[in-house]
Each structure stands twice: as C-alpha cells, then as structure tokens.
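For 103, 119, 120, 121, 294, 295, 296, the entry in TrEMBL reads substrate binding site. Under the heading divalent metal cation binding site, TrEMBL lists 107, 117, 181, 211. The active site, proton donor annotation in TrEMBL covers 117. As annotated by TrEMBL, site 'Important for dimerization' applies to 211. TrEMBL lists 276-311 with the feature region 'Important for dimerization'.
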C-alpha cells in the first residue's frame, strides 16, 4: 500500500525529489528485469542534449528471455514547447519547459510472453526565464538547480504528472490479464475509487490504432495532465504507478517464459509487433514530443522491436489462437472484476 500524503494544494513542485525517485525507479526496474532474464544485463548510455538536459538510457539485448528491453531516464529542457505539447494547452505556446521521466518497453523472445510498456513523467512549463534550470556543466546532467523561481512576483510554473503501463500479448491468457489489471487497480485505489475506471478507459482509448480500428493490446492505466490532487498526492500517485510495474509484469514473464513455441507462433509475434511500430510512430504523443523538441532519436526510438514483419492483408485462421486474440482479448473489458 503506497504512502498517501494528506492533500496540500499549496505545495510547490519539488523537482529534485521527482528526479531522485525516477533515477531509483530506473535502477530497480533494470535490476528486476536482468534478474528475470538471468543471462544478460543492461548497458548504460549516458548522454547530454545540446539544447538542455540529458539522460541515461539502459538497453538489454539478446538475453535468454528478453530480445530487447529498454529503460530510459531523461531530464530535458527547452526554450519553446513543440506543437505536440500545446495542442490541448495553447496558452503555453512559447513557454520554457522541462520534462523528467522514465519510459520503458520490453520485447520478449517468447511469443507467449507479452510485450509491456510503462512510463511515468513530470512536466513543467515556466513563466519566467529565471525559473528554467541550467546544468552545472555541459557534461553533468545530474546536477540541475531544480527549485522553482523565488523571484518576487514570479508566476508559478504550470506542472503536471503523467504515466501508466499497458500490456500487449500475442497469445491471450485470461489469468495474466486479470493479474495485470488487478495490480493496476490496487496501485491507484488509495487515491480514490474513481481513478481506476477513469485511467483504464483512458488507456483503452489512448492505445488504439485508429487506422486499423483495433487496440494495441489489453490496456492497463494511462493518465496525463494530472495535478488535481496537489503536488504531494499527485507525486505519490505517480510513484504508486511506477512501483506497480514490476509486480504487474514480472510474474507473467516468470510463468510464460519457458512455454514451448513454434515458428508459426514466432512469425505471428513478428507480425503483431508491426502494430506496435505503427502506433508508436503514427499516434504516440511521447514519440511526437521527443522528435518535435529535438530529442535524442536513439532514446526515443528504443521502443521499437529489433525484428518485425508486415504481411499484406494477413488474416488469422478461424478458430485459431491467433484469431482468438482478436475475438477475446483485443476488446476492452473489466479484467479486474470490479
């Protein structure tokens, strides 16, 4: 059960605390995934962004369990918000900004282990030049002055949290889906009974390929532009979601990673990965924001699978497990049994 602070709408954003949490979350997730894989570990790529900020990208490839796993931390700043960030908030156009987050995508080898994605993030748009942090040195992205401006009369920054996690199976298992969604439900339950159905629907609506008229997977949680609980409780909510990812995903991996599979099932996995690529490049707001803001392409596109295929007008055989994925699992439903 997460520690839920009392409401305090007046609390100023503590960006240093957010950053400390996110770096620790990245460490923990990488440690857990490497232990589950058992044969490979993450390499670390620390980078700086000329326009401001930097990050720490960690990648595991060709493991016993994970074909590719990427877990990235970033803290980036900019002088002007890109169109993807101001589409719903035109009043922020031209503002200085900074964004901190951890984003991950896990592509397993075994088709019976689902692909997973998670992201937790904090965004702040500043109303004064002095509020924008600057690195202590061009090579040290870990030492920013992260406190809001204390200049007399300086407008308060506009901030919000976002995040969530979602699951993309290639072969459906009802018990896996129930576990995933119950863990998601329990993570946000301390913050109000309305949040889980709201965030679940948001996830179902967001991870939807409009050009295919189908969902990317079975959903989970998704929220954005979230500050309605005040800083302390909104931050606690983000932490609860981030901390729930490993308990939601690792038991599924452990249960399915040794399942025998055929080449036909492998080819189906590669075909369905194509939907993942299509969503990330065509619809994902995070991808668009990163590319439009001059972000680091290698880190932005780490979500893409190492191998993928497209087959023209492919239709799974009636009555097959592949057809059942569409008929039973790629439809929004109450997996948690609320």
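Using N, Cα and C of the backbone, Cβ positions are placed for all residues, glycine too.
All TrEMBL annotations are machine predictions without curation.
The structure displayed is predicted, hence computed values, not measured ones.
Counting every protein chain shown, the number of other Cβ atoms lying within 10 Å of the Cβ of residue 294 (substrate binding site) is 14. Looking at the region 'Important for dimerization' (276-311) alone, the prediction's average pLDDT is 90. In the shown protein chains, 25 other C-beta atoms lie within 10 A of the C-beta of residue 181 (divalent metal cation binding site).
Proximity of residue 121 (substrate binding site) to non-local residues of its own chain (separation of 6 or more, Cβ distance below 8 Å) is seen for 99, 100, 101, 102, 103, 161, 162, 163, 238, given in sequence order.
Comparing Cα positions, residue 211 (divalent metal cation binding site) lies closest to 119 out of the binding-site residues 119, 120, 294, 295, 296. Sequence-distant neighbours of residue 107 (divalent metal cation binding site) (same chain, 6+ residues apart, CB-CB distance under 8 A): 66, 67, 68, 69, 115, 273, 305, 306. In this structure, 211 is the one among the binding-site residues 117, 211 with the smallest number of other Cβ atoms inside 10 Å of its Cβ.
Neighbour list (residue 296 (substrate binding site), Cβ cut-off 8 Å, at least 6 residues apart, same chain): 47, 49, 55, 57, 74, 290. Residue pair residue 181 (divalent metal cation binding site) / residue 294 (substrate binding site) shows a Cα separation of 35 Å. Here residue 117 (divalent metal cation binding site) is positioned 20 angstrom away from residue 295 (substrate binding site), judged by their C-alpha atoms. Close to residue 120 (substrate binding site) in the fold, though at least 6 residues off in sequence, lie 22, 25, 101, 102, 161, 162, 163, 164, 238, 239, 241, 242, each with a CB less than 8 Å from its CB. Secondary structure of the region 'Important for dimerization' (276-311) per DSSP, as helix, strand and coil residue counts: 22 helix, 0 strand, 14 coil. Residues within less than 8 Å, Cβ to Cβ, of residue 119 (substrate binding site) and separated from it by at least 6 positions along the same chain comprise 101, 102, 103, 104, 162, 163, 164, 165, 286. Taking all protein chains in view, 24 other C-beta atoms sit within 10 angstroms of the C-beta of residue 103 (substrate binding site). DSSP classifies residue 181 (divalent metal cation binding site) as helix under the three-state reduction.
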